[in-house]
Amino acid sequence: MSLTLSPPLEARWEALLAGLARIADMHPDALLASSMGVEDTLLIHAVAQLPRPLGVFMLDTGRLHAETLAMVDVVRERYGIETRVMRPDAGAVRAHVAEHGEFAFYESVALRKACCGIRKVEPLRRVLAGRSAWLTGQRREQSLTRVELPETEWDETFGLQKFNPLAFWTADEVWAVVRALSVPYNPLHDRGYPSIGCEPCTRAVRPGEDPRAGRWWWEQRDSRECGLHAGNLRARAHPGVRPRGPLPTDTTETTTS
Ligand code: SF4
């Protein structure tokens, strides 16, 4: 492979590809969740090279930045991957907005979680229904709620296996690979957004701030998950009890590595 990566990082990249290939072998119905942040486009770049590609989806909450939505076209043009775009139930959105207003998420954690429930969690439950596994671009380094993030875990909320292949990657490693391989990334990252979510609930961060400080910045730091990764909050409340594991190891002679 013609990488301009250091040997340790090239080894890490190759291990990621091998791990993803094994996930695809074990769970051909698995889907990669993409919020079109840099971790997600890195994983899309990786899965595009697999002998058995994995499907990709995103949750279009109706409140995303235009730059994030535009990444669907970027991914299609670069990789030929059609991102499955999941949208919330229009009636539920209308009813919530009619009762609480367009910006109720600023009023309380409960109303914010209600909005995330309608715009994110319900569409996620729909797209994952009947599947055996999903993958995310979460990393331990990203926030207090992710410091115990395992590479794989049973997702009690949605009832399937969940893989976090970048759990132990640092931001520097992600960006080194992205730049070396010319992986496309969301232009919001160059405008101070290390973590990208819905437009009204995400702000740019200052140098040295927690990478997720811009997400729901008006809330306490330990409540800032949207329901997609509820296990992170459970683990935060009960440290040390989270079922965890590494990525699947190569236990057959036929898996790709
Ligand atoms: S991040 Fe904000 S706008 Fe997006 S679903 Fe959650 S509360 Fe609603």
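Keep in mind that glycine also has a Cβ here, set from the backbone N, Cα and C atoms.
All TrEMBL annotations are machine predictions without curation.
Here is what TrEMBL records for this protein:
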- 31-204: domain 'Phosphoadenosine phosphosulphate reductase' (DOMAIN)
- Cys115, Cys116, Cys198, Cys201: [4Fe-4S] cluster binding site (BINDING)
- Cys226: active site, nucleophile (ACT_SITE)
- 236-257: region 'Disordered' (REGION)
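Across the residues of the domain 'Phosphoadenosine phosphosulphate reductase' (31-204), the predicted structure has a mean pLDDT of 96.
Once Cβ contacts within 10 Å are tallied over all protein chains shown, the binding-site residues Cys115, Cys116, Cys198, Cys201 are led by Cys115.
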